[in-house]
Every structure is written in C-alpha cells, then in structure tokens.
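Trainee: I'd like to ask some things about the structure below.
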Amino acid sequence: MYYPVGWPKRVGLALPGESASIRHICCDAVKILVAAVGDDFLGIWYANPLIPIAYFRRTEDSLRQYGANQLIVWKPDSRQLALLTASGSLLLYQLDFEANGMGILQQIDPPAASLKRDSAELFIKENIPRLSLRELCSVTLGSVITTVCCISLSELLLATQSCELLRLQWTELEHAENDLELPALSSIKLRDIPFYVQQQPQQSARNVPPLNRDSYVASLEYSPFIGGCAAVFSDRRAAFLIANHLRFETDHMHGFWVPDVEDASVCSVNHKFRLLAYGQESSAVKVYAIDDATGGLEFSHRLILTENILPDSLGSVNELKWSPDGCVLAVSWTNGGLSLWSTFGALLMSTLSWDFGLNVDLVCQNPLKIRRLEWSTEGYQLFMLKLHPEKDKSNVLQLQFVKSALSMNPCMTTSPHILLQGDDCLYLNQGNNLELTYAGSHGTFPSSGLGSDEDISGDGDCLELKQSPHTGSILTESKYWTVLQLPLNYAATNWPIRYAAIDPDGLHLAVAGRTGLAHYSLVTRRWKLFGNESQEKDFVVSGGLLWWHGFVVMGCYSLLDRTDELRCYPADCKLDNQYGHKLQVRAPVISLNSFRHQLIVLTADGIVSLFNMSKNSAYALDIECAYELDVKSICIHPACIVSLTVTNLKNELKPQGQLGGDQAETIIVNVCGRILMIQRDAGEQVPNTLLATCLASCVEVFWLSHSLERCAMRDCLWLYSGAHGMRVWLPILPPGRERREGEQGGAQRLHSFMSKRIMLSFPLKLYPLVVLFDNVIVLGVENESTLYANEQVSHFSLPFAVMERKSQIYLHKVLRQLIKRNLGYSAWEMAQSCCSLPYFPHALELLLHEVLEEEATSKQPIPDAQLPSILDFIREFPVYLETIVQCARKTEIALWPYLFSMAGKPKDLFQMCLQSEQLDTAASYLIILQNLEPSVVSKQYATMLLDIALQQRKWELAKDLIRFLKAIDPNEIDSPRSSMVVNVKIAPPPQVNTQQQVNQNADAFNMVLGPIARERSFSTTVTSNLPKDKQASGTPGVAPVTESSSAGAPSVVRRRSTKQRETFCIDLILQRHARQLLQNHKLMDLGYMCAYLDFHLVSWLSQESERAAKLDDFAGALQALHEELDLPIPFPTAAKDDFAQIRGSLRQTGGGGSSQTSESGYFSLATPNGAATQSPQLQPSIREEEEELQQPSSLPILKTRSGSQLSFDNFRYRRLYSLPTSEDDLAVDILPQKLSIKLRYLLQLFIEANCTDYALVLSILLQDAASISRIVNGIIRSESVHTCRRTESALKQLSQSTFEHSGSLYRGFVLTLQPHVYLLEQYIQSLGDAPCSQLQDAGPGTEQGVDVSTGLQGLQNEVGEFVPNSQQANGNQWTVADLNPNHQRLTRHASLESNGNAVVASGSSAHSTPTQRQLSRQNSREREGCRLM
C-alpha cells in the first residue's frame, strides 16, 4: 500500500562544499532528525526541510587509530549516537540542544519593498532547533565489534568477532574514559547456548551441534515484541536468538536455526506483525513468524522476483528495511534493483519493471545499485545509498512515497473510496461516482447494451448518440486523481500528515498532522482550520480518525491537560473547542472503529471499550460506554493489534429476537496478522478474559459491510493475505424451502446446518484497497513509470513514477471455489444476487475460461474434472449460450474440441440460439462452425441466420453476415477448414464487381444529417420517362455478390444460372425481404435495410414498379404508414359528413383567391396565411423540365400564348382556396423534422424509380402539393393512360376516405388536390377517339409504351382548346369549344403551375358548335363506364 511518485531525487548530505560519499544513514526514533555518516564526518540533518544542523569531522589521528566510519545508531531519546568504525571500535557522540529556543534560520526580509514576502508559502514557520555535536568517548573492547543495535532506552547490544553478545549501558559508555578497554558488563557466549531446529510445526525442536569455531554475528536486529533477535552469522547461517528475560544471560538464552536458509546475507524484524525476514544470496527473501505455542519459527512466505528476471541476475540481497508502520518491506540487491513488498508478500513495486530507456542494460549496468536503505518520517521518503558513487555527484537518492490511509487508519476499510496520503497532500479516487451520478442509487448500474428486442428504428434518433450516458460498470470510470494540497497554514507547523479519513459519502475529508486537525469539504472546496491556533497545538491525534454522521471522531492526547481523550467535532461548525465533545479515557487510544451507532476503542492498557453514540442535535453528540473487554490475554502487547471492529456478522446463528439488528455481538480483531473472533453472549455477564476463535492467519487487512440490507456478498468477511491471495469467510445457507422449515421448527434445527461457514481463498492481481460488496469488484493502485529524458547527464535520466487505479472482478473466483466444494446451490444464490450487474456475463466467461485453460492444457489426467460442473452451473442462467461462444472465441482453437465435447455440438448450440432469438450470439457461433465444419455448413447456417435477422430488422447483424458470406472463398466450399478464425466484424470487404453500377455515394441513406443536394446519380441509369421496354434494357439489375459478369448482361439472368442456384443467393434473399417490406408498407424498414446493406433501392424499385410497388388500396397504405411511424390515425371512425355532401357544398360555394402552392420544391405545403415553407434543397424546377421536353418529337406540340399561361377556366377550383375552413380542415404538421427528412428522401427515391403509387402516398403523408404536381405532370408526360387512370382513382379514393371521416388529418390538404384530379380527368377525356375497351385494355405491359397519337388524329384537327363549363352541375364534365382551323392542336404535355391552374397551350378564343358539343357528350357517355368514380 506504498506507492512511489515522481523522480528519485539526488540529495547532498556531505559537508558543505564537498562531494564525499555517504556510507550510512539513520533516522532517530521519531524520524525528525537524520544522521549521515561519511568516511571521516558525521552530519545531522533536519528531515523537512532537508537542511543541515550540525557537523563533526574526525581528525587524522582518529582515522588512523579507529578506522573509517561504518554505521551509526541513535539512542531512543535522540540525544546520543553510537558510531561503529572499521576497526571494530565504538565512538559515542552527544547532541546538545540550545537552551534559548532560537532556531537556526533567521528570516529577514530585504529592505526593498518589491522583494518582501507576501505569500504564506514564503514563510518557514517550523522552528528548526539549533543543535551542537560533540564526541564523548571511544570504546575499544577486547574483541572487534562486528555490529551493534539498541535494545532499550538505556542499553546497547554489541556483537563481537569472538561470537559473543555484549550488553552495555549508554550511561556507562558516557562516563568511560577515552581509550579505555571496558570489560563486558553482561556477556552472552553464543557457542554455549543451545540451538534448535524445528523442521515441521508438529515436531519438537531438537538440539544440533554448536556454532563453528570461526563464525560470528554479522547482522543483528532486536525486537521487544518477539523477545529476541534475528541474527545472521558470518558462515551465512540464519538464527533466531531468544531470551527468557531481558537480562540476556547465557543461562537463559537459546536459539533456533532458521530452516532451509543456508545462504543468509541480511536480516530485518517487523515489530508490529512479529515477523523475521532473512535475505539470501540467491536473491530471495524468506519471512518467518513466531509460533505462539512453541515459541519457534513458522515459515510464512517467500519473496522472489520471477517475472522478466533471469536466474542469478539480481545477486544477493544486501539490504532489508521495514517501513515505520510495518506495512512494507523494501528489498535491494547487489546487482541493482529495488522492490517493495507488503507485509505478507504482495509485490507492490519493482524498479526492474521501470522504463530506463533502450540504452540501459538493467542486468549489467543498473542505475539503482543500492547498498543501504532508510525510511524517513512516517515512511513518506526512502533514502537510498548507491553502491558505486559517481564522480562529483552525491550517492544519496530520495524517493517520495504516498501510502494508503489504511496503513495508519484501518477503520477506513468501510469507505468505498481510495484515499492515499502523502506528506502534505491527499490523493482521492471516488469509487462510486458514476453510481451516484448516473444510476441514482448506490450499487445500481445502468445497462450498457440495448435490449435484445429493441427496435433500432423505434425512435428518430436511432443513428445518433443517446442523450443519457450509459456505463457498463465502474470499470469505465475516470481514473484521474483528485489531489488536495494541505493548507500552508496547517502544514507549515504540523507536517507531515499522520491520519486521514473520508466519510462514506465522499463529501468530507479530515487530516491530522503532528498536532491538531483540519478537514475539507468537497462540496464547498474549502478547508476548515482551528481559528484559535493554541487550541490546535494543545492536542495530538494518536489513535485514529473517522467520520460518523457529520462528526469527525478521533482519539487524542491533550498536551494541556495531560490526559487521553475521545474528541468529536461537527463538520458544519467552525473548528473550536466550544463546539466539540470530549470524553476522557483511561489510557492512550491505539485504535478505533465504528459500526452503525457504536464506537469501539482500543487503549494501551489492553481494554476494548464499546460506546453508543447518539446525536442530540446537528451540533451535539452523546457518547456512553456500553461495556468493556480485556483483550490482553489474546495478544503479546496491545501495540500488536493491527485493527479491530465490531459487527453482527453472526446474527443469523442466533435465535430471532435475542439481539436487535443494530446491536453488535461480535468483535473481530487482527493480532499480528491473525484474525480472532470474540463472540459476545448477551444473556451472560461479560467476563474479563475471553477465549477467541482464530479464523485466519497472515492477514494484512479485512473488510466488513455495515449496510442494513442483507445479501450474500454483504454477510461475508473479506480478508487479504498478501502472497496468499484474497480470502472470504461466508455462510453456507440451506435452500430456501429448508430454511423456512428450519425457522418454523426452531433454532436448533436451523443451527445444525447454519453453524457452518467456509473460508475460500483465491489470488488477486492487485493489492486491494477498496472492496465494493454489491459490485463484486476490488479497487487498487498499481505503479507505472515514464521516461522523460534518455540522457545520462540529465536530471531526468531516471524514470518518473506514476500511479494508476486498477480494478478486478472476483465473483468468478468465489463461484469456482464453491462449485469445487459441491456447494452449487450457495454459488447459485450468490450469482443470482449479482445477475443484474452488466458485467455478470463477463464474470461467467472468466469462470469458464479459467477452468478450461487449466484442464485442457493439463499434461496429467484429471480424476475429477470441474468443467462439467461449471457448464451445468452456467446453464442455469440465460447467458449460457453467449458465455460458451465468447469463451471459445477468446481461447485457442486447439482447446475447442475439449470444450464442445462437454458443452454440446456447435450446430446444436446454434439452433438453440435461433430458438431463443439470440441472433448476435448465433452469429458468433458461425466463427466456430467455420473453423470446425466445412464451409458449406457455415454458409448454410449463415444464410439461415441472415434471413431471420432481416425478418427481425437486425440490420447491423445482417450487414456483418453478408460480409461473412462474401468473405468465404468459393473454392473452399467442400474443403475442410483450417485453423483460422475469420471475425464477422473484420471480415474483408467484397471484391469490386466489374459490372458498372449506380453511384451510391451521393445518395447514401443519411437519416441524421438532413436533406442534402443530391446528385442525379440514378438518372443516368434509371429514367422514369422512358418506356418500359427501354428501361428493361437500359436499367441494370441488382449487382451479384458472389461473382462478376460483363456489364451488358442482365443481372437477373446471372442469378438464375445453375452455379448460382447451388450456392447461397444473397441478392435473392435481400430482394425477397425487400418485397415483403414493400407489400407490408414498411417503408422505413426498407430505407434502413438499404442504408445498412447497400441495397440498390432505385434500380430494384424500377423492376418492381408494376409488381410489389403497385398499390390497390391507397387509403390502407396511408393507414399502415401511420401505424409504422406511430402517427395519429389519419381517418378516424367518427364521421358525420360524407364525400357527396362536401362535394355538393363545394359546388354551391363561391369566392376567389390565389393558390398558395409554390414551385419551391419539397417544402410547398399550403398554409392558411398564404405563406409557403421553402426547401433548402436545390431541385430542378418544373418549368426547366418542361423546357427540356420542348424538343422536336413525333407528337404535335402547341405553343403557349404570350402573356398568359391559362388554358382552362378553373374558376370553380380557385374558389376552394377561399372556402371558410375550420381548425380540423387546416393542414396539421404531424411529422417530426428528422422523420420528415427521411420520408422526403424516400419520396425522391420512389419518384426516380417511377413508383408513382408510393410516391403519391408519401406526398400525401408529407402534405407536399408540389410533389404531387410533379408526379401528375410526370404521369401525363409518360403518355400512360392506365397510370393516369390509377392516379385519378387514387386521388379520388383518398379524397373520399378523407371526407367520409370528419376528423381526418388531411381534410384541408385534400381540398388543394382537386385541380390535379380535374387535370387528370381532362387529359383522359382528351383521348376521346380511343374506345373505352381499348383504354381499359391498356395494361401494365403497355402503359409506358402505348402510342395513342393515332387515335387522336381526328380530334387534333377539330379541337383547339378545352374550356371547363362552370355553369354545369357536374364539375367533371367537359365542353368542347368551336373548332377553328387556325387553332393550335392539343398537346398532351399540359402542366400544373405553382398557382394551381391548369396550363395548356392555347390560341385565340373561339366558340364551340352544337356538333362539337354532341361529339363531346357522346365521347363522355362512352367513357362513363371507364371512370372509377
């Protein structure tokens, strides 16, 4: 839980002006003063800021007599130092403090006003003491001193070359005369004490031969909590020396040889966890614990780097150093390299994985060859002495660290946030930010994917990004850190941070430094400090810090009252003692924690006190002691208690009603890594001493949920054991039916089963700092490095260390352990509580993948394979098929036979996907089939899936399937598959067809960007004005997808070839589905299909214009479009007026007005106020199209009159625009803007394909009069009588349906279409010489190619112009004017201009004769039977 940040800095600890190398560094007990030793000098430095205080240089005579300096040892009170020299002598130095209290720094501002300090950071408020260093004496014993260590406040322990241990008093050294050989005050002859070897825990220790004659102690370290010393002898044997009492006499001492360690090089002791670490010449480190039963050594774990490390490349271990809190072990090797390990063996950092650049060989020339390590204040800095000093450069490096708040404040395990603390700053990563922001509740995640049955075209924004953010899990959360700098006013005198805490909501943080307290609000982004600085200096936080319901609670020591206290301060008030609450306790507080409304406190006298907390008001708090427990019997010393908490973890084992749900009954204590559970019985008096149950060992940190909700993941105890991985202690519950029967039958029956809990263990890839119970995720931090400069002379040549937040899912680990122990029901219940998580399928996939990899690659036979049980378990969930295929796709093909031999054949699984409508999963199985089956099988199943995907409108899937089918080589249809997986998503694009196709780029079905000025790319190959026989030869069909052919050959002939029938016809499938969509009036789906699948809609519609694109019921088609688009009903059932009544009222109503229909293009809907909406598109006007048609042709064409465009007297139709209309008659804009854009695009495609029926319906839906005008003019120019009759019938049918329903949406718009009906009637009646039977026989095969000019020769010679007779009762009748030989002949290219008037070329006015009227009435009677209305 320690992580380096920034660059390793070079610091100069030599004498000012010199660059001598430093041989040893040692900090005092409180890590404030740093002693640096060179060959001939001793320097004392202040830790922060790192400045020198005192120096002492030895004389030449002293160097010749005693040799150079080797190492330095501080006295615990920081007043004396013992210096060991190369000759084995001991020099004693005294450190004196100045009595005047003045510091060594005098801050004087310059006289210039511009240079005076204004900012707070420019003032050094720390009073750095003035010290003086002097040599007291030198001690030379009868034997050479090899090493020295301090064992108490007053004693030193010396090891000599004669294999003895000497115990000396500091005071005796002080009063000794110079150069006096002192006799041993207390001598321990190690060759006379027994040494034992305990190879197995159950074996008794046996005596072994004594030490070798020439061996002596080379390395020694003492710990009062283990009652002995860790020692390494000169012959590389490691031992543990223990004494029965503190006098260290030969008769009361014995030793244990460390088993399996024959090449020891260095040793170190962890006081808090009572661990002994021994470094070996093989570059490994072995760690041992003390067995409380026998007092011997018990192997704990081994530290060794194996990843990317060559054997024997590191060399021997030359330094081991535990951090001040015992949470981290720093290891260095002789060949270079530094690593950090957690207490029980989890690797936190290794410089061998750092990026030193390409020019650095870490094996031969490692830049970090270190010989000494020393931790600075609170473990925030690590001093490193390089083995080979560089010329004119300091050999001391300082590496900065941040550490988890759990290291000093274990009660932070209940927080869902990662909080790291530096010496003057905090790093915060809030673990549940996305939960609270986007999900709206704790532990709930929005779905990351669309539903299986969600329609892609269900809304108008289907091709756009969703408005609301979707996140799959907390894994996608931002990994940036929130860095909070400590206020300068507080950090200047209270550096460094000792404790840090954050509330469960992540809104408030509290920090405690050397004295006082400060807290920060993430809402207001402001720090709160004590207004009275003296109150801040009056107490020291010593036992922990936590938040409870808006109060910050701490254990502290009052410097003013000399008492130990519990203090509480509200967050909403200013920091002042008048708002705080104080409770005096009997001894210093070591640790504290909370459970709901209870506070548990451990004091230095070994008493655990439980307090009940309650809020009187927003600013007042009451604390009452509930009971006390004596825990001295379960620990060597209270300082060995790492953490503790109180919980109701085992409430389910008690009969209901014995204890309340909020009442805690269990105390969990971590003593030297052993988890002890103290069960409280509320029915009896609590004894003073308790028997504890050991749940686990080698535990660094544990987590418990304090939530009121009960679930499988919250009723567990989570433990982390370093190299042993993660552990979980969870209850084993019976099935639900048996559980209910047990509750009814009494607690005894239920207790027989429920008294069992199980401890499961599994590995983790990161060090867990936060456990999110509901999300089955652990959060942690990993170190990475970045190289900024590759120059050796640069200050930035060393890598820059950074931190990154990591996460890992552990659900599959727990499920596998439960299934392995035949606890499938418990695993199923746990999985059911997590199945709502978006990454639950991924967890099942990891579960299957781990078992498959382990069993399929095993070289030994597996007697009890776990894969069948895992498959049976996954089969209980609906994601079974998806889990199988996703696991297979991420596994080597060589393992597939083993997987599918137990999971089922891929063909059967594919069929199951189709039956359950899991089409995306079925598509993934095609990859499996392609590699395990012949290509013809995968092609058959892909075609089947393509057909189903089209039916269910899965356009993306259909697109991938088409690419998959096109990627299959036709030559491999019958050949066995090779071991190569072709991904559906990355299948190669189809080969370019040699046939000339229509340019689709400019007309892509873009539903989002809106209308764009389209190229007339289809007009070059699809022309609606050509006769059908010409179109058939000039319009290419849909291009084939499997093979190419010549450009001139029709595509239909190719698709009907024998070879193509043997393969899968993609085009036929697409055309068949497009035909079904068109017949069902699913125009939007047809548009999506063409957009996603690159289907050539215009060319296909040209072929289907007289088949699938032909409508019989226009009103029904319009009704179906409304239903598809979720629009209001166009023809409501309730109606009072029929079409006849409306038509009669129109004939009797007079008035005049001008048309509001313009020639602007798409947006030309008539509005009541006369304004017309104009289209941004630039389309060719109708007049330009007519001018293009004014070319010499076989048809007689009449010229228009100058100054007038009117050829019909449509006075009666002009009155339609001036009729009084109600609100229901007005045109209502019922289409959203984006939907309107899509429909207009479809309309243009239908017009280009000459599909007049659907073009007419779309124009009605869009209420676009200009489009209808263009359609009518195009029909007239096509000279197709049958099409004219169909269009006239369609308009009348729509008009009848509209006026039969009074609430129709198109009532007002249909009124504007009557001139178009009138124009079609006039044109049809103009063909009066054609018999009715001949006109009726004009079928689909001849409507575009029929030549009606022969039948009209007589009429063209007699009739000059037609003028409607407005006085006749029937407005649909024609009257023929007087014939004039000079009149122009009738042209069939009449058009309707923007004002709605019928325009036909006309000459001078004339009167019709009775002969002409009779001829007109006769022709009218003959065509009466041909009319549709």
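Glycine residues also receive a Cβ, built from the backbone N, Cα and C atoms like all the rest.
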Trainee: Do you know which of SER752, SER1295, SER1394 is annotated phosphoserine by Swiss-Prot?
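Mentor: Annotation hit in Swiss-Prot: SER1394.
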Trainee: Hey, which of SER376, SER938, SER1207 does Swiss-Prot call phosphoserine?
Mentor: SER1207
Trainee: Under Swiss-Prot, the annotation transmembrane segment belongs to which of these stretches: 35-55, 539-559?
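Mentor: In Swiss-Prot, the transmembrane segment feature sits at 539-559.
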Trainee: Going by Swiss-Prot, point out which residue in SER394, SER1302, SER1391 is annotated as phosphoserine.
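Mentor: That would be SER1391, per the phosphoserine annotation in Swiss-Prot.
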Trainee: Same chain, outside the transmembrane segment (758-778) by at least 6, Cβ under 8 Å from its Cβ: which residues?
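Mentor: Same-chain contacts beyond the ends: 1, 342, 346, 348, 404, 406, 413, 415-418, 431-432, 442-443, 445, 473-475, 695-696, 701, 703, 705, 707, 711, 713-714, 716, 718, 720-721, 724-730, 732, 806-811, 813-814, 816-818, 821, 823, 834, 837, 843.
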Trainee: Mean pLDDT over the repeat 'WD 2' (64-103): what is the value?
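Mentor: Mean pLDDT, the repeat 'WD 2' (64-103): 90.
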Trainee: Pull the DSSP breakdown for the repeat 'WD 3' (312-351) and write it out as helix, strand, coil residue counts.
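Mentor: Output for the repeat 'WD 3' (312-351) reads 1 helix, 21 strand, 18 coil.
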Trainee: For the repeat 'WD 5' (862-906), DSSP counts of helix, strand and coil?
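Mentor: Residue counts for the repeat 'WD 5' (862-906) by secondary structure: 30 helix, 0 strand, 15 coil.
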